[in-house]
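Take a look at the structure set out below.
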There are 2 protein chains.
Amino acid sequence: MIEDKNQQRTALENLGEFGLIKHLTKNFGLNQSSSIVGIGDDAAVLDFKDKKTIVTTDMLVEGVHFDLSYMPLKHLGYKAVIVNLSDIYAMNAMATQITVSIAVSNRFPIEALEEFYEGVAMACQMYKVDLVGGDTTSSTKGMLISITALGIAEENEIVYRKGTKPNDLLVVTGDLGGAYLGLQVLEREKEVFKVNPNNQPDLEPYSYVVERQLKPEARMDIVELLEKLEVKPTAMIDISDGLSSEILHLCEQSGVGCNLFEDKIPLDPTVISAAEEFKMDSTMIALSGGEDYELLLTIDQSDFPKIKGNPNLTVIGHMAMKEEGAHLITRGDTKIPLSAQGWNSFSS
Amino acid sequence: MIEDKNQQRTALENLGEFGLIKHLTKNFGLNQSSSIVGIGDDAAVLDFKDKKTIVTTDMLVEGVHFDLSYMPLKHLGYKAVIVNLSDIYAMNAMATQITVSIAVSNRFPIEALEEFYEGVAMACQMYKVDLVGGDTTSSTKGMLISITALGIAEENEIVYRKGTKPNDLLVVTGDLGGAYLGLQVLEREKEVFKVNPNNQPDLEPYSYVVERQLKPEARMDIVELLEKLEVKPTAMIDISDGLSSEILHLCEQSGVGCNLFEDKIPLDPTVISAAEEFKMDSTMIALSGGEDYELLLTIDQSDFPKIKGNPNLTVIGHMAMKEEGAHLITRGDTKIPLSAQGWNSFSS
């Protein structure tokens with residue numbers, strides 16, 4: 001939230017569109033064996049040999065999905081990639097390439113875009129994916145990012161949303177609710193900053209939840225872990241919109257019901273304390289908060305011994321017959337129908 | 001330019017994000033044998049077998065790349081797809097799949113998006129590509145479209161920008177300058193409409209150039225034709241930014257020079273007459289106008305007999321040694337260095 005007034009600013013029109021793309025992507029090499037030709041021609045050329053190609057795309061809009069007043073551009077570049085990779089891992093596939101397109105208004109100096117691409121480069125390095133294409137154009141207002149991610153998988157490895165059956169165990173990775181509470185902390189500090197710009201916020205007690213919001217990770221490690229454990233989920237989805245909405249997707253696409261146990265939902269202690277501070281219910285946050293980019297999967301009961309005790313995987317419920325519906329079993333043993341509070345960017 | 005005040009308008013928030021995507025894409029089937037799973041999971045699954053995968057992406061921004069006051073949404077949907085497919089064909093590959101992401105402000109009713117997707121569907125049908133993914137979100141201002149296109153090619157069929165050599169013939173498909181003049185006609189009618197909204201413009205004399213602007217086609221037929229003629233270009237690029245800019249790309253990436261002959265540049269008679277009316281030089285328009293989505297290719301001289309007389313292919317010059325530079329030889333036999341007037345969306 002502290003702006004360096006002395007930063008160097010180079011106007012975008014100085015480079016021109018081709019010069020800009022070249023400049024921003026000059027340090028990106030190709031490391032994947034499937035990347036034959038990257039940026040610089042009409043299109044990239046990839047070679048997935050006999051594996052299946054996985055494709056997903058996501059758009060992020062300033063003022064809708066992110067706020068540059070507390071989201072550093074480097075973090076934004078990183079997160080924009082993560083959001084897409086997460087969808088590839090949710091197919092039990094490995095991500096291999098991305099294309100990154102951005103539209104920015106003239107108020108962005110080249111140095112700002114360089115920062116953004118630094119974040120993209122960090123994510124590429126961390127997740128071993130190659131940047132192979134993209135577009136850079138001007139917008140009439142704000143910044144807009146569109147990323148497409150590609151991945152590979154053997155046909156028999158791919159896991160869909162469809163495929164879970166009654167009595168399969170419902171499993172979640174990591175813990176939930178942190179990203180949403182991080183956003184609350186940042187929004188609160190933004191309001192404080194508006195009133196008193198000299199106030200230096202102490203974000204230390206909230207570092208976990210703030211990091212979950214500003215620098216989430218995608219669970220590539222889970223795809224590797226599942227392979228090692230020799231567990232193939234019967235269904236999988238990534239948690240971008242909140243647990244309840246994702247569970248309902250699995251139920252709808254697999255034609256099943258579900259029982260989710262409130263007391264099993266993994267919450268970090270920081271999430272519990274921050275939720276109390278914000279007078280919010282931590283279960284509600286886990287159910288509807290979103291942006292945690294954990295994976296939600298179902299496994300056959302016979303696979304339970306393989307995952308039992310693994311700190312990355314928590315059983316939070318089980319699937320049921322479709323007619324039973326999808327419910328949350330509360331700590332007080334009340335059965336509440338799950339409803340999709342899935343985030344709708346169009347509602348005002 | 002005539003708005004139907006009685007059109008039915010359904011607000012976007014009525015459907016929600018998931019409902020919206022489902023609604024807009026419900027009539028899109030999968031026809032390509034390489035499309036295994038399309039919209040509806042975390043990612044699409046494709047199978048290119050032993051062929052290479054070609055990937056390209058382009059972003060179109062309202063107020064920068066298109067103006068909805070004269071661009072019907074159906075045409076916009078069609079054109080947005082074409083722009084991307086053109087890059088695939090420029091690799092001498094066949095397009096197979098697209099993903100379509102749009103950001104729109106709340107002022108767009110669902111019916112407007114339906115129109116846009118009708119245009120997308122028309123392009124998919126015409127060019128035999130499958131819609132396999134995308135994202136729909138809200139924007140803070142205007143409409144923004146990001147499309148990624150995928151294609152396939154045998155490794156030895158792929159044609160790059162790099163590869164042309166001195167004495168190769170420079171060949172262009174179709175004719176040039178129409179799209180730019182169509183834009184001039186539409187811009188002029190927009191100004192007339194502002195002054196007198198009851199004026200009914202007679203666009204009949206300009207139908208060719210207006211269609212080149214509003215409903216361009218991508219040259220899939222040229223990829224098929226070249227295969228039939230057994231001609232593999234030594235280099236190829238699509239003409240999105242104007243002839244001179246694209247020639248300079250070929251020269252730069254292949255390390256060669258070029259001589260382009262003004263009197264050989266193919267121009268439609270409507271382009272010549274409209275250029276005169278607008279007091280513009282038709283050669284300048286062909287060189288710098290852009291948006292024609294024709295293909296620019298180079299062939300070995302030994303292939304000339306195969307293309308000679310073909311109405312789709314016009315030899316407009318030849319490549320030269322790098323030291324000779326890239327020049328336009330005018331009708332008056334003057335040699336002028338080619339300069340990239342390539343369109344820069346960041347310049348004001």
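Placement of Cβ uses the backbone N, Cα and C atoms for every residue, glycine included.
Worth saying up front: this structure is predicted, and the values here are computed from it rather than measured.
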Starting from the Mg(2+) 4 binding annotation in TrEMBL that includes A:Asp42, A:Thr56, which of A:Asp67, A:Asp87, A:Asp130 is the extra site residue? A:Asp87
Candidates A:Asp42, A:Asp58, A:His65, A:Asp87, A:Asp135, A:Glu291, namely the binding-site residues, that fall within 10 Å of A:Ser240 (ATP binding site) by Cα distance: A:Asp87, A:Glu291
Could you check which of the binding-site residues (A:His65, A:Asp135, A:Arg161, A:Asp241) sits closest to A:Asp42 (Mg(2+) 3 binding site), going Cα to Cα? A:Asp135
As a quick check of your reading of DSSP, tell me how many residues in the domain 'PurM-like C-terminal' (A:165-271) are helical, how many are strand and how many are coil. 57 helix, 15 strand, 35 coil
How many whole Å apart are the CA atoms of A:Tyr117 (ATP binding site) and A:Asp135 (Mg(2+) 1 binding site)? 13
Near-B candidates in A:Thr57, A:Asp87, A:Glu291, the binding-site residues, by Cβ under 8 Å: A:Thr57, A:Asp87
To the nearest whole angstrom, what is the C-alpha distance linking A:Asp238 (Mg(2+) 3 binding site) and A:Glu291 (substrate binding site)? 10
Which ones are near A:Asp241 (Mg(2+) 5 binding site): of the binding-site residues A:His65, A:Asp135, A:Glu291, which have a Cα within 10 Å? A:Glu291
Using all protein chains in view, find how many other C-beta atoms are within 10 Å of the C-beta of A:Arg161 (ATP binding site). 22
What number of additional C-beta atoms lies within 10 angstroms of the C-beta atom of A:Asp241 (Mg(2+) 5 binding site)? 22
